[in-house]
Amino acid sequence: VKLLAFLLETVPDWLKHPVGSYGAGDGSNGVPKLMDLLDEPVPGVGTYEDFNTIDWVREKSKDRDRHREIATKSKESALALMKSISDAFSGWLLMLLVGLMSGALAGGIDISAHWMTDLKEGVCLNGFWFNHEHCCWNSNETTFQERDKCPNWKSWAELIVGTNEGPFAYIMNYLMYVCWALLFSFLAVSLVRAFAPYACGSGIPEIKTILSGFIIRGYLGKWTLMIKTITLVLAVSSGLSLGKEGPLVHVACCCGNILCHLFTKYRKNEAKRREVLSAAAAVGVSVAFGAPIGGVLFSLEEVSYYFPLKTLWRSFFAALVAAFTLRSINPFGNSRLVLFYVEFHSPWHLLELIPFVLLGIFGGIWGAFFIRANIAWCRRRKTTRLGHYPVLEVLFVTAVTALLAFPNSYTRMSTSELISELFNDCGLLDSSQLCNYANVSVTKSSSDALPDRPAGQDVYTAMWQLSLALVFKMLITVVTFGMKVPSGLFIPSMAVGAIAGRLLGVGMEQLAYYHHDWVIFRGWCSPGADCITPGLYAMVGATACLGGVTRMTVSLVVIMFELTGGLEYIVPLMAATMTSKWVADALGREGIYEAHIRLNGYPFLESKEEFSHKTLAMDVMRPRRSDPPLSVITQDGMSVEEVESLIAETSYSGFPVVVSHESQRLVGFVQRRDLVISIENARQRQEGVVSASRIFFTEYTPPQPPNSPPPLKLRGIMDLSPFTVTDHTAMDIVVDIFRKLGLRQCLVTHNGRLLGIITKKDILKHMAQMANRDPDSILFN
């Protein structure tokens with residue numbers, strides 16, 4: 001007992017009190033209670049600023065801790081168990097809501113765009129809200145031969161001048177077409193500029209960057225969703241060479257992001273939210289093309305950065321719900337989900353793989369040309385005065401598009417209609433110019449297929465018109481993609497390929513008819529047989545061109561056979577897709593989305609790009625030899641004033657915490673935002689905190705002089721296990737670590753002493769330098 005009493009007398013006062021309650025109670029030395037920020041969560045700590053990258057490791061760790069806590073509590077009571085079940089079910093409920101909302105919006109966009117596109121040519125007298133097709137369906141006076149003409153549908157010339165014949169009527173229709181196009185595009189660009197600047201473009205490059213962990217506040221917000229939905233309809237209806245498929249991915253991701261706020265575990269965790277956005281990207285493609293499986297594969301192959309198995313299942317479910325919702329709305333009026341349903345009657349022959357591969361080569365060359373030309377034009381827009389007048393640019397491009405498109409019936413119609421006509425296999429009842437062959441004498445009654453036959457005058461006229469349409473589409477799409485209106489690339493790229501494919505298909509058909517005794521046709525193409533299907537060539541060409549531009553492979557083939565229902569034509573589609581990818585990759589490594597990411601300077605580490613240079617971590621880390629020393633915080637030696645001045649003098653996102661300036665032994669890493677919020681919070685909630693107060697990151701707080709202000713204990717906001725590499729670690733390993741773990745920064749040590757820091761931005765700058773590009777093109781930190 002005497003020994004124990006002696007020991008208690010010799011123990012210092014500060015060790016007798018529990019940690020975090022020094023000076024509490026009697027106030028013997030006048031120091032208020034020390035607040036430990038671990039005790040109560042501080043609002044804002046653990047969140048991120050705009051244009052910053054999230055810390056994937058920290059976010060996943062937070063989610064595991066939350067899940068562990070719920071699992072532990074679920075064993076204590078029935079209420080806690082119910083909360084645990086609802087937490088597990090919330091992900092599926094969120095997917096259901098995303099699917100329903102995206103499907104409903106896509107159906108509305110399809111119906112509105114179809115109606116407004118027809119509004120440029122005329123109006124329905126029965127009700128102005130009917131498009132041309134629905135107007136003539138309701139008419140009892142429509143004949144099958146003239147199913148596009150009905151008394152209820154009036155062109156603008158008929159309404160204004162009373163007739164649809166003659167040059168004056170043509171000029172009036174021409175004028176109204178141009179005026180409506182200009183009005184729609186002006187409304188689209190004005191709404192984007194005034195209310196939601198982020199609603200322009202495709203959205204896929206930015207979504208890829210966001211899914212990799214970058215934060216762009218407002219890009220997936222409610223204003224962006226609302227304006228993008230409205231302006232997408234206007235932009236498509238204006239007749240510009242753009243599609244709605246890419247922007248629909250953006251719309252679906254906006255739905256996913258907004259609905260995440262209904263569920264706490266997705267609202268408060270950026271990594272979990274990105275799992276939802278990956279599924280939403282799949283939903284976007286599902287409703288854009290009516291291709292749920294293709295959408296899931298598109299998200300996996302092209303968009304997502306982190307795609308666990310759980311996200312795959314949920315993406316599949318969400319895409320299914322969205323496709324079902326769209327099918328219920330039935331926007332195309334044909335009770336089918338697919339956009340371009342085809343029904344080819346003759347199988348393809350092995351020797352046809354040669355023209356299919358040629359289409360693949362064309363698609364690859366077109367893709368590489370388009371990417372280079374479009375990026376050069378967009379760079380010019382960024383660096384010259386052209387970018388200062390987006391409204392004038394949109395109006396000018398719309399005017400040129402409308403003036404050149406109207407005289408040619410294949411460019412006047414909407415691009416989706418054009419593709420549908422090019423994919424079509426000519427039957428007995430087709431009234432299209434493309435199907436106006438000579439000498440049609442049908443002897444086979446067992447099939448709807450018609451034999452190969454000589455092209456009539458209308459077919460040759462259609463070939464010339466399609467050739468002009470091909471050149472027009474190729475050139476105008478280059479300047480249209482990237483303007484300040486919502487613009488997708490899928491449909492224009494498919495249109496270019498479909499035109500080229502149809503031209504080649506008709507050429508092959510005529511060769512087979514006139515030269516069926518040639519070696520390539522002998523044995524499988526007898527006279528009077530239906531050997532060549534031009535619509536199939538159009539389908540293969542569309543796939544090749546879209547593959548050349550986007551560099552998609554598996555997902556593209558699945559989307560195309562879901563889009564057309566042509567399941568037996570997978571091999572030609574695969575051959576064309578692989579050929580176009582190889583050719584395009586040989587001419588330029590980047591797809592269109594990666595090229596736009598690099599143009600905009602987003603901090604995106606491309607997983608497909610190999611790092612082959614033999615540099616070390618010490619070559620990339622900061623500070624360099626000529627730079628001032630690394631800004632660090634000591635674990636127990638700095639005051640609030642010193643830390644605040646360090647924050648004010650620098651713009652870094654975080655600071656390493658070391659034992660002392662002399663030893664430079666690493667303790668942890670603290671984020672700048674967490675530090676600022678914690679100090680502000682302590683000043684408000686903890687009595688007596690002033691600029692002279694000491695900041696401690698240690699586990700135990702040493703005793704303070706009697707009249708000193710109360711200290712701050714900020715160990716709770718420090719990352720105690722920051723990733724470190726040695727200065728001799730090869731950079732290819734460091735790049736792999738950043739890619740696979742989604743790091744924001746990595747600390748560099750030598751024999752345990754802190755030497756420097758490598759951030760994601762440093763790696764991107766180094767990679768740009770190694771590729772002889774401007775390292776300062778990485779705009780964001």
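The backbone N, Cα and C atoms fix where each Cβ goes, and this holds for glycine too.
A TrEMBL annotation is a machine prediction, not a hand-curated record.
Pulled from TrEMBL:
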- 621-687: domain 'CBS' (DOMAIN)
- 718-775: domain 'CBS' (DOMAIN)
- 89-109: transmembrane segment (TRANSMEM)
- 174-199: transmembrane segment (TRANSMEM)
- 220-242: transmembrane segment (TRANSMEM)
- 248-264: transmembrane segment (TRANSMEM)
- 276-300: transmembrane segment (TRANSMEM)
- 350-375: transmembrane segment (TRANSMEM)
- 387-406: transmembrane segment (TRANSMEM)
- 462-483: transmembrane segment (TRANSMEM)
- 489-508: transmembrane segment (TRANSMEM)
Same-chain residues at least 6 beyond the ends of the transmembrane segment (350-375) with a Cβ under 8 Å from one of its Cβ atoms are 474, 477-478, 481-482, 493, 496-497, 500-501, 504, 508, 520, 524, 532, 537, 540-541, 543-551, 571-572, 575-588, 590-592, 595-596, 599
Averaging the pLDDT values of the domain 'CBS' (621-687) gives 88
When only pairs 6 or more apart in sequence are counted, do the transmembrane segment (276-300) and the transmembrane segment (248-264) reach 3 or more Cβ pairs under 8 Å?
yes
Summed over the domain 'CBS' (718-775), the DSSP helix, strand and coil counts are 23 helix, 19 strand, 16 coil
Sequence-distant residues near the transmembrane segment (387-406) by C-beta distance (under 8 Å, 6 or more away from its ends) are 173-174, 177-178, 181-182, 185-186, 188-190, 193, 238-241, 381, 412, 472, 476, 479-480, 483-485
Here the stretch out of 220-242, 462-483, 489-508 with the most C-beta pairs under 8 Å to the transmembrane segment (89-109) is 220-242
